[in-house]
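Undergrad: Before we start, here is the structure in question, set down as structure tokens.
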Amino acid sequence: MSALPLRPPRRRTLSQRDARTGIALMSPTLIIVLAVVVVPLLWSVLIAFQQLKLLEIGTANPFRSLTLANFERVFASGRLWVSLGTTLVYTAGSVLLSIGIGLLAAMAVRRPFRGRNFVRAAFLLPYVAPVVAVTFVWRTMLNPQFGIVNEVGQSTFGWADPIPFLSEAQRTVEFLGAQFPIPTALLTAIAFEGWRYFPFAFLFLMARLEALSAESEEAALVDGASPLQTFRYIILPQLMPVIALLAVLRTIWTFNEFDDIFLLTGGAAGTGVASVRVYEFLTVQRNVGAAAAQSLVLAVVLVLMLAVYLFLMRRRGERL
Amino acid sequence: MSAPTTPGTQTSTAPAPRPPEVQRVRGSRRHEIERRSLRILRWVVIIGLLIVTLLPFYYMVLLSLRPIEALLRNPSSLIIPPAEFTLSSYQQVLASTAAGGQGFGRFIANSALVAVSAVIISLIVAVPGAYAIARLPFFGHRQVNALFLAAYLFPAIVMAIPLFVLFTRVGLRGSLVGLILVYIAQTVPVAIYMLRNYLDTVPVAVEEAGLVDGLTRIGVLRRISLPLVMPSIMATGLFIFMIAWNEFLFALLFLVERRESWTVSLGLSQLSGSAEIPTTVLMAGSVVLTLPILILFFSTERLLTGGLTAGAEKG
């Protein structure tokens, strides 16, 4: 891990020549980010207030009249709230699961052992592998006809029927005599997210654990704290800032996640998160205005979360 | 809490007062139980997670090496009998459509072209930018930095609609050039963030020595700082390559109508919906898609993870 020496953000001798060079070196990046990120975003806001069909996008005047029709369409029919609710459950479940597994994994490989490097590398696999490939493998493994999960489930665990993990919206599970409805496909998608993103939490937590000083733990040991108490009162509090940061980052990204859900279920079977709805507005209904309006709703939620993130960074004393 | 004395310094001072004997015994028994169960639990976690992370990849390779008939006959087998071993899935997936294959050879060439171009251009743009942010006090420094962070965190789906419209209007949709442009914009902010962390590790004094010796800022960057962080620049480049190679959404939006321009990710996702192509052939496609990334990642793992988590150690 490269440790960064903290240096003051401004040099004592604030040379004007440096400032000019700085702007010159900076400008290509700035131009690209402005041209391909900022300007399109602003344009997207404009489109959200215009009637724009997919067929018209090559010819339409960018400054045509404004209307609220897209937002009426997005907010009408209650599907927005259903999809936002689904997104919320999906996000909360995925973030909790990925950070939870990441923490377990980081604690488990904390002390050196033979093969530690191999285990570390293996734990990173789900995160670095291409999303299209891993979703395809999951779909094949969970396939009701020849997938290995259902095959083993039926032959070894005595399932009566194969479970259509990715195409069933809901099933009732009997547990202790009571019946619980559970959203099968959504839970499978959450499990996938936990699997795919725990390495991200694992990496950050491991980096933090390596940097912890041994002194406070030794002191706790001398004072008679048990291993679990040491974890609860000494280690966990020191990990909390990183966990908070991870939670915010993962929430921002999962809330807007499109690839994973789209490739796993296509947004069917009760997994229609908000980002899939943007895609549907664009390609199925061919209504660019409504798609932009829906993505604007997502962007507003995102900006709120970004504000929280920046606030946390500032509180940690991070240089922006 | 009194600080514990370390074993080496504990010489003439009187031993610290110990807690009552009863408590110590109870405490130590509880400790022993906890310690033992944690030792077991630790290996349960490690082995469980190893199975969960490795099995899908093993399954991917396994299916790509078995004929489809064998898979349907015996779906739960986790080994390949030597008689079943075949490379025909790879032949089929890589061969061009004219030769009766799936044309993944073409897709690989497209993916490689897009990813390598994105790496080269992103680095050319981001290295000077990162240097400016790391070292040079220009006006609006903080704002520019915040803008890049926001651009890095902004998700693709929000950017997708306006870029779709924009690129259709300028006629770049459906071309690999348009895709490269989007990937550059997506990777430059990450690259700047990583490179800044690396450039921060170059001692200021070394650079100042160069300035005193009459080099310009650009000269310092070229002759002193860049050679020092060269391995890190390579790592950043590989990271950009991974992002571009793995990307799916923009490839889908921009190229879906033109099969000859598909990337490997797009090709696999489009073909995996069709019933005619055997799963084993597509598994070979998955291996082809995954392997380059894994090789690249694990050859540079230490550098990459260090750059990404550089902020985390500070807590």
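Residue 1 is the first one shown; counting continues down the chain.
Placed from the backbone N, Cα and C atoms, the Cβ positions cover glycine too.
So TrEMBL says this about it:
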- B:1-14: compositional bias 'Polar residues' (COMPBIAS)
- B:108-300: domain 'ABC transmembrane type-1' (DOMAIN)
- B:1-28: region 'Disordered' (REGION)
- B:40-63: transmembrane segment (TRANSMEM)
- B:112-134: transmembrane segment (TRANSMEM)
- B:146-167: transmembrane segment (TRANSMEM)
- B:174-195: transmembrane segment (TRANSMEM)
- B:233-256: transmembrane segment (TRANSMEM)
- B:277-298: transmembrane segment (TRANSMEM)
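Describe the structural context of these features.
TA: Below 8 angstroms of C-beta separation, residues 57, 60-61, 63-64, 66-68, 71, 89-90, 92-94, 102, 104, 108, 238, 241-242, 245-246, 264-265, 267-268, 271, 304 of the same chain, each at least six residues beyond the ends of the transmembrane segment (B:277-298), sit close to that stretch.
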Undergrad: Counting only residues 6 or more past its boundaries, what in the same chain has a CB within less than 8 Å of a CB in the transmembrane segment (B:233-256)?
TA: 111, 114-116, 118-119, 122-123, 126-127, 156-157, 160, 163-164, 167, 173-176, 178-179, 182-183, 186-187, 190-191, 194-195, 198, 226, 262-266, 269-270, 292-293, 296-297, 300, 303-304, 307
Undergrad: Report, as numbers and ranges, which residues of the same chain sit near the transmembrane segment (B:174-195): CB under 8 Å and 6 or more residues beyond its ends.
TA: 110, 113-115, 117-118, 121-123, 125-127, 129-131, 133-134, 148-149, 151-152, 156, 163, 167, 229, 232-233, 235-236, 239-240, 243-244, 247, 250-251, 254-255, 257-258, 261, 263, 307-308
